[in-house]
Each structure stands twice: as C-alpha cells, then as structure tokens.
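What TrEMBL says about this protein:
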- A:32-239: domain 'MacB-like periplasmic core' (DOMAIN)
- A:279-391: domain 'ABC3 transporter permease C-terminal' (DOMAIN)
- A:31-51: transmembrane segment (TRANSMEM)
- A:275-300: transmembrane segment (TRANSMEM)
- A:328-350: transmembrane segment (TRANSMEM)
- A:362-381: transmembrane segment (TRANSMEM)
Amino acid sequence: MSGPALRPARLSPADILRTGASGLRTRRTRVVLSALGIAIGIATMVAVVGLSTSSRADLLARLDRLGTNLLTAEAGRNALGQDVKLPKSAVAMVERIGPVQHATATGAVDARVRRSDAVPEELASGVTVQAARPDLLDALNARVDQGSWLNPASERLPTVVLGSVAAERLGLTAPGAKILLNDRWYVVTGILAPIELVPTLDRTALVGYPSAERYLGFDGHPTTVFERSTDASVEAVQGVLARTVSPGDEGSVKVSRPSDALAAKAATDKGLTTLMLGLGAVALLVGGVGVANTMVISVLERRSEIGLRRALGATRGSIRIQFLTESLLLSALGGTAGAALGAIATFAFARTQGWIAVVPPWSLAGGLGATLVIGVVAGLYPAVRASRLHPTVALSAS
Amino acid sequence: MTPAPTDRAMTPAPTDPAMPPAVIELRGATKSYPGGVHALRGVDLRVAQGELVAIVGPSGSGKSTLLNLLGTLDRATSGEVRVAGYDVNRLSDAQLSALRARHIGFVFQHFHLAPGRSAQDNVADGLLYGGAGLRERRARARTALEEVGLGHRIDHLAHQLSGGEKQRVAIARALVGDPDLLLADEPTGALDTASGALVMNLIRQLHAAGTTVCVITHDNDIADSLPRRIRFRDGEIVDDSGPPGPSGSPAEHTDSPAEHTEEVPR
Ligand SMILES: Nc1ncnc2c1ncn2[C@@H]1O[C@H](COP(=O)(O)OP(=O)(O)OP(=O)(O)O)[C@@H](O)[C@H]1O
Ligand SMILES: [Mg+2]
C-alpha cells in the first residue's frame, strides 16, 4: 500500500546544539540580560563558598603553623576561694610526663607598671607583670617584633619585654625606653609580635624569674604552665596535667587548649555563610524565572520559525529538544559566567585578606549542575508548548 | 523517489496505460473547522509525477487548506489523501515529518527565512531534518543556490537580500532535498512583476527538470501560462483543465473569461 517505511532522521548532537544556539545568536541583548540573573545567583554562591572555604583554610594553616599540641594549666582558686599557688616544681613534674616535649611557665608578679614617675601610682596602666622563662617564646611559637627577648643574662637584670598591647598602652613603639615596675626602673629591651595562641600575654610586661625575685618580690611560684607534647598524646596529657601540676589540688587548676579557641572561630561564620547562600539561591531562582520568561516569549515570537521547521520535516521531538537546548544554553551561559565571576571575586577578596584563595571544585560543579537543572525546568514548558503548535497555525502567524 | 504502486482502478483521473504514477491522490477529501466552516467539501484530485499545476480561486475558497493537506501539515477531516505513495491518514505525526523532510518542498508567500543567517545556512536547513551531515548540507545548499542563480549571494544574510532574491533562496531551500513534490502558496504574491516572473521561470525550470509542482496563484496570466489549472470555489473544484495530453501541450478546456472576474477576493 505504501512506500518504504518512513522514519524521521535523528539530529546529531552537534546539530541539536547548532539549532539551539541559532535562536540565541540573533537576540543577544535579551540573552545577556536573562543570563545575567543566573550569573548573579551562581556568582554569589560560588563566592560565598569560596570565601568561607578560603578563610577556614587560612585558619587551619595558622593552626597548623602554631600547633594544636599546646596545653596550658592555670592556677585558679580553691573551694574556699583562696588563690592557689602552683608548686615551684610544677614545670619539672610536667616534663616528667612521658609524651611531653617541652614545658615552661609564667608566674604572676604583683607589680604596678608606670610609664614614668610622673604618672600617679593609683592610675592603672592596664598592663600586668609576669615572670617568664627564656624558653617561653619557643613554646608559644611567638616572636619578637622589635628588639630582643630575654636571655640567661638579661633575665637577671632589670630588663623587660612588652607584649604588643602592653607596648601600645604604654605609648611605646620601640625598645630602649625605661618604665617603672613598682618603683624600679626597667629597660624595655623588646616588643613582641601578637601572640596568636595566648592573646592574654599581649597585655603583659615580661621579666625574667631571677629579676622578678630580686627586684619585685616575686615568690617564684608559677601561675600558668605551658606544655607541648606529641600531637597524638594531647588528650592523654590533658587528662593528667591538672593532677601533675598541683597534686591534691587539681580541682582548682584550669587546663585548656588555646588552639580550640581559634578552631571555634571557623564555626562562628557558618551562620553568615548560610544566609549568603540563601540569598544566592533566591537570586538563582529569580534568574531561572527570567530564563523561563525569555523562553516563553521566544516561543510566542517564533511561531513562524516553528511552523517552517515543521514544514521542513522537524518532528515535535526536534522542536522540543531545540527549545530545551536553547534554554539550557541560556542558563549554562549565565552559570559559566557566574562561576567565573564568583571565582574571581574569591581570589580578589582573599588577596586583600592575605589568604590563599580556595574555590572548591564541588562548588563550581554544583553551581553548573544547578544551572543545568534550572535550564531544563525553565525550558520544559515553553519547549512542550512549541512542539504542540500546529504547523499550519504556526505558519499563518507571520 | 519512486512512489509505491497505487490502486489505479480507484484513481479519478483519466486512464492512460502509459500514465506516470500519481504523486498526489485525493478521494473525497474534506476539511472542516470547528464552528461549521467547511473549507474543503469533498475534493477528488490526481496529480501525476512531473506535472505543473496552478491552483486558482477566490479568497477563502480553500486553496491554502488544500495545499496544507497535500503538504501533510494538516489532516483531512474525511476522505483519502495520498502523497508520494503514502496514505497520509495512516501515518503518525513523526512519520509525516519524515515524509515532509524527504519528499515535499514548500515555498511560502512570505519566504520564512531566518533573518540573521546566511543564504547558504537557510538553504542548508532544508536538509537538516533529512539526516544529512553539515558538510553535505552546505555543499548541496551551495549547488542549489547556484541553480537558482544566486551563486554570488551565498554568504549574504537573509535580511540583506531583495524580495525576489529571498524567494529564490526559499525555492533553493525547497528543492535542495530533491523533493517529489514542490508546493508553493502564492510564491509571487509579495513580489513585483519582474521578480515574480523570475521566480515563475525558476518554477518552470524545475518542472522541466521533472519536479512535480503545485502553485497557488492569484495572477491569471501566470495561471494561464501553466500546463494545468485547477479552479476552486467554496471548497470544491469547479474546474480542472486536466493533465496535459500525450503531446505535452495543455489539454484545452472550458475556461470562459466570465470565471476570471470571480477571482476578485471577496
Ligand atoms: N484554522 C482555521 N480555523 C477556522 N477556519 C479556517 C482556518 N483556516 C482556514 N479557515 C477557513 O477556511 C476557508 C478556506 O481558507 P483558505 O485559507 O484555504 O482560503 P484560500 O483559498 O487560501 O484564501 P486566500 O486566497 O485568501 O489565501 C476560509 O473560509 C477560512 O476562513
Ligand atoms: Mg491562502
């Protein structure tokens, strides 16, 4: 009855792309504007993820540099509310704990700090005095900003090294000046850089043990013991540290791990990150609606093109895939631009913060994936509508 | 493209033992639109391979409706429609698409070219849905453009062409797939006389080369110059000059001047 079986030819993937792109090429302004919505959404999300990852990576790098194996044991008060003193032998006892590699201590010195004798004694300078051992700096991974640190010679002399905040409070920008500790003149030999692990030491004036004992009436009892052990044994050491530094009075000793405070910071900006991600998602959604709108208008405007293609032999399926491809290309365009923008923003901001920029590949992949989903969702309805247009109706619409 | 053998006994056209196979066969084809519009009221028609047919008639008489049925863009409400040997009623939408892609070429009054694309790309699109690769489509588009005398306009964008050139590009697009049947709905309707004459010459050349052509026209001079004329009124064929005789000259037929006056659009 009929000729050979009729089977519509399948378009090659390249032809599908070409026909999908053909509708975009002639409407550039509209393409740019509707891709922009998607781009903004994706850029926001990529940048938010990139920045929070970069800042966390920076924090981890800092922790890595400073070490997470430092523990401090601080003398507190006993059940009766009296100040507890750590025994003089505390450091030696801590050093006896197996995995401990290094232990040192500071002791609170009851001394007033004044810039000069013109300053009345009652006026608090906000700077406290601590006796320190020369090995303190190494234990804390801290460094001197200007001048020099205590050494076995200077720790016996009336010389003092100031924390960064202490120097600021005393109005000193360089070593060399003399300050009053109680009524004794001390020469400032050094100013420390901020101590990231133990910021409380930034507000102190550090003197040697022998000097403190000799000139300031220091009793030689440490108030804080600093200790570094192997990474693997930090928790084990933490368990026995209080008992070791103050046998019988361990309840009044506060043991802490300074790096925990830094690590906690990483978690604190999580809320903001989530909020920004939400904003990005809203922008993306709006962008998707923009693409859908553009596609619906495109189908309405191009009825005669659709009719012509049907006359040339396009099946409903080819029309559907053409408009779906167009929608996908449109949002992929926005998605790619957005991912690039987000990455650039991350790099630029990280640079100003001195961080190493980290743009996780999953955020780029996720952004582009979301783009494709949006492209399909936004394009499906217009594409189906286009494919359902009756060829004769479409052709007479010119 | 050889149409499958058809049931000759049912063909309404005159029986000639040496008659070429039919490209178009309509039997009692009707087309009604919702609202009681009967655009076609039982049309019987046979067009044999290689014919050149003019379809004339007043506005609203059903010419375009007929062409849509012949081009399988629309289905008859009742009756039988056979194109290139295929029974259109029995084919799915996808199969009809394939039929159009391989066997039918269209030319429209308003060209329907893609404005931002070159003449070559527009013509190459005539092969897009037939399964040819890009290289082959481009090469054949070039040849087709040369055939319609536009070898020098290959890279021109569609909107940079004159009306006559646009219609020739559209004809190149219709013929590039080497169709069994070329359907043209008022191809000269939007052109000046000179461009229209050029387009009609082209159509005559295609016919001379063996293509079967149906042209809707409002131009009596054009219609009179074609071998066969079919006149429509109110959805029916009121006059058919019939296929040309074996001598090749159009069979003379009653074609009184009175009927020409009725072609004024109503
Ligand atoms: N989609 C449709 N819905 C309803 N009626 C239609 C539709 N298409 C065509 N008609 C009607 O069918 C009749 C025939 O229309 P057709 O387009 O075939 O006329 P025509 O002979 O091509 O006229 P013209 O010379 O003006 O192009 C007309 O009365 C028209 O109004
Ligand atoms: Mg018409």
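A Cβ is built for glycine as well, from the same backbone N, Cα and C atoms used for every other residue.
Counting residues 6+ beyond its ends, the transmembrane segment (A:31-51) has Cβ neighbours under 8 Å at 24, 273, 276-277, 279-291, 293-294, 330-331, 333-335, 337-339, 341-343, 345-346, 349-350, 357-360, 363-364, 366-368, 370-371, 374 in the same chain. Residue counts for the domain 'ABC3 transporter permease C-terminal' (A:279-391) under DSSP, split into helix (H, G, I), strand (E, B) and coil, are 99 helix, 0 strand, 14 coil.
Over the domain 'MacB-like periplasmic core' (A:32-239) the predicted model carries a mean pLDDT of 85.
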